[in-house]
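**Q** One structure follows; several queries about it will come next.
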Amino acid sequence: MKISVVGSGGWGTALALLLLENGHEVTLWSYAEEESRILCETRENPMLKGVALPAGLGLTTDLSCVRGCKIVVLATPSFAVRSTAHRVAPLLDAETVLVSVSKGIEKETSGTLTQAIQAEVGAEHPVVALSGPSHAEEVGRGVPTAVVSASEDQGAAELVQDVFMSPRFRVYASDDTVGVELAAALKNVIALCAGCCDGMGCGDNTKAALMTRGLTEIARLGVAMGGRKETFAGLAGVGDLIVTCTSMHSRNRRCGILIGKGTPPEQAVKEIGAVVEGYYAAANAKALADKMGVEMPIAAAAYEVLYHGKDPHAVLTELMTREKKHEIEDSWV
Ligand SMILES: NC(=O)c1ccc[n+]([C@@H]2O[C@H](COP(=O)([O-])OP(=O)(O)OC[C@H]3O[C@@H](n4cnc5c(N)ncnc54)[C@H](O)[C@@H]3O)[C@@H](O)[C@H]2O)c1
C-alpha cells in the first residue's frame, strides 16, 4: 500500500520504518529542507541514532507525495497539525485515511487533533488517532510495543490496525477517539510533574501518588468530554502514563526534572531542544477544566508552575494539604 508519513521527527521516522518493514511503499516528508538534506546524506535521523534509513524509504520535502496514498500519517508537533492538514487536503485522493500520531490539544480551539484534521480535510476522509506507550527510540529499534488505533469509523480503525500490526508492534482498535486523544495529551502534563518531583528529590511514593491521582483527573475531564472511562485504564491511558512518567526517553519528564532542580520553565523547554508537548497541554488542560467545570488540581498546579513561576515546592505542599477527600467520589452515596 502507498503511504506517506508527513513529519520526519523521531516519531514520524520510526513509524515510516515500521511501515516499510511491513512491506508498504513509504515516503517520509520533511518540513525543513535542511532536515531532509541530513536524512538523505546520512541515511539516519539524529533523533534515532544508530537506526539506518534503508534505500527503499522515500525522502522528500514535496508534499505532493501524499497523492495516490491510501493512508497519510500526520506526525508533526501538535501546533502544526491543522496547518499541515490544510496543506495536505487539496492533494488527497478520495477516501484517503488520515492518521494522527501527534499528542496534544489544539490551543486555539481546545479541540482534539483529529477534530482539527477532520475540519481541514472534510467528512469524506476518515481520521484515526494512533496512540499508546511508544517511544520512537524503542519502536525504531524494534522493541515490542502495543498501541491503540481509534476512530469513529470502524473500517478505518481496523485498516490502520492491519497496516501497522507486526510481530513487534501490536495494535488494538477502539471507537473512543476522544478518550484516546485526551489521555495522550494530558499524560504529558503529569509526566512534566513527575519529572519535577524527581528533580526536587521526592521519592517513589510521591510519583506513584502523582500518577494515580493524575490519571483520576485526566479520566474525569475525559469522561466529561465524552470519552469512555475504560480507555483511561488502557494503553493510551495508564499505559502511556507509566512509560512517560518513568522513562528518560520522555522529554516531558526530562523537562520537569530541570524545572524541579530550579531551571525556569521556559528555559527548560528550550534546553530539551525538541517539542515538549506537556508544556502546552498544561495550558489547554487548565482552559478545558475551567470550561467544563471539572476539578483538575494537579494540572492547575502545573499551570501555575509553568506559566506563573510558582515554586514547585510550595505547589506540592498545597496539593498535599488540600481539603480531605474520598478516594472514590461516590463512596457511601
Ligand atoms: N517521539 C516519540 O517517541 C513520540 C511518540 C508518540 C507520539 N509522539 C508525538 O508525535 C509528535 C511529533 O513528535 P516527534 O518526537 O517526532 O517530534 P520531533 O521534535 O522529533 O520532530 C518534530 C517534526 O515536526 C517538524 N515541524 C516543525 N515545525 C513544523 C511545522 N510548522 N509544520 C510541519 N512540521 C513541522 C520538524 O521539522 C520535525 O521534523 C508530537 O506530538 C509527539 O508528542 C512522539
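Note that Cβ sites are derived from N, Cα and C of the backbone, with glycine treated the same way.
TrEMBL annotations: computationally assigned, not manually curated.
TrEMBL feature annotations, pasted as is:
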DOMAIN    2-156  domain 'Glycerol-3-phosphate dehydrogenase NAD-dependent N-terminal'
BINDING   GLY7, SER8, GLY9, GLY10, TRP11, GLY12, ALA136, ARG251  NAD(+) binding site
BINDING   TRP11, LYS103, ALA136, ARG251, VAL275, GLU277  NADPH binding site
BINDING   LYS103, ARG251, ASN252  substrate binding site
BINDING   LYS103, GLY132, SER134, LYS187, ASP240, SER250, ARG251, ASN252  sn-glycerol 3-phosphate binding site
DOMAIN    176-316  domain 'Glycerol-3-phosphate dehydrogenase NAD-dependent C-terminal'
ACT_SITE  LYS187  active site, proton acceptor
**Q** Roughly how many angstrom lie between the C-alpha atoms of SER250 (sn-glycerol 3-phosphate binding site) and GLY7 (NAD(+) binding site)?
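**A** It is 19 Å, counting Cα to Cα.
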**Q** In the domain 'Glycerol-3-phosphate dehydrogenase NAD-dependent C-terminal' (176-316), how many residues does DSSP put in helix, strand and coil?
**A** 112 helix, 0 strand, 29 coil
**Q** Out of TRP11, GLY12, GLY132, LYS187, ARG251, ASN252, which binding-site residues have CB atoms lying under 6 Å from ligand 1?
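**A** Near the molecule: TRP11, GLY12.
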**Q** Taking the Cα atoms as reference points, how far is GLY132 (sn-glycerol 3-phosphate binding site) from ARG251 (NAD(+) binding site) in Å?
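**A** A Cα-Cα distance of 16 Å.
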**Q** The domain 'Glycerol-3-phosphate dehydrogenase NAD-dependent N-terminal' (2-156): mean pLDDT?
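**A** Summarising the domain 'Glycerol-3-phosphate dehydrogenase NAD-dependent N-terminal' (2-156) by its mean pLDDT gives 97.
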**Q** Considering Cα atoms only, can you say which of GLY7, SER8, ALA136 is the nearest neighbour of LYS187 (sn-glycerol 3-phosphate binding site) among these binding-site residues?
**A** ALA136
**Q** SER8, SER134, ASN252: which of these binding-site residues has the sparsest Cβ neighbourhood within 10 Å?
**A** SER134
**Q** Within a 10 Å radius of its Cβ, which of these binding-site residues (GLY7, GLY9, GLY10, GLY12) has the fewest neighbouring Cβ atoms?
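**A** Among the binding-site residues GLY7, GLY9, GLY10, GLY12, the sparsest Cβ neighbourhood within 10 Å belongs to GLY9.
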**Q** Between GLU277 (NADPH binding site) and SER134 (sn-glycerol 3-phosphate binding site), what C-alpha distance do you get in Å?
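**A** Pair distance, Cα basis, whole Å: 15 Å.
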**Q** Using DSSP, would you call GLY9 (NAD(+) binding site) helix, strand or coil?
**A** coil
**Q** To the nearest whole angstrom, state the Cα distance for the pair GLY10 (NAD(+) binding site) and VAL275 (NADPH binding site).
**A** 11
**Q** To the nearest whole angstrom, what is the C-alpha distance linking GLY7 (NAD(+) binding site) and LYS103 (NADPH binding site)?
**A** 13
**Q** Using GLY9 (NAD(+) binding site) as the reference point, find which of the binding-site residues LYS103, ASP240, ASN252, VAL275 has the shortest Cα-to-Cα distance to it.
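**A** In terms of Cα distance, GLY9 (NAD(+) binding site) lies closest to VAL275.
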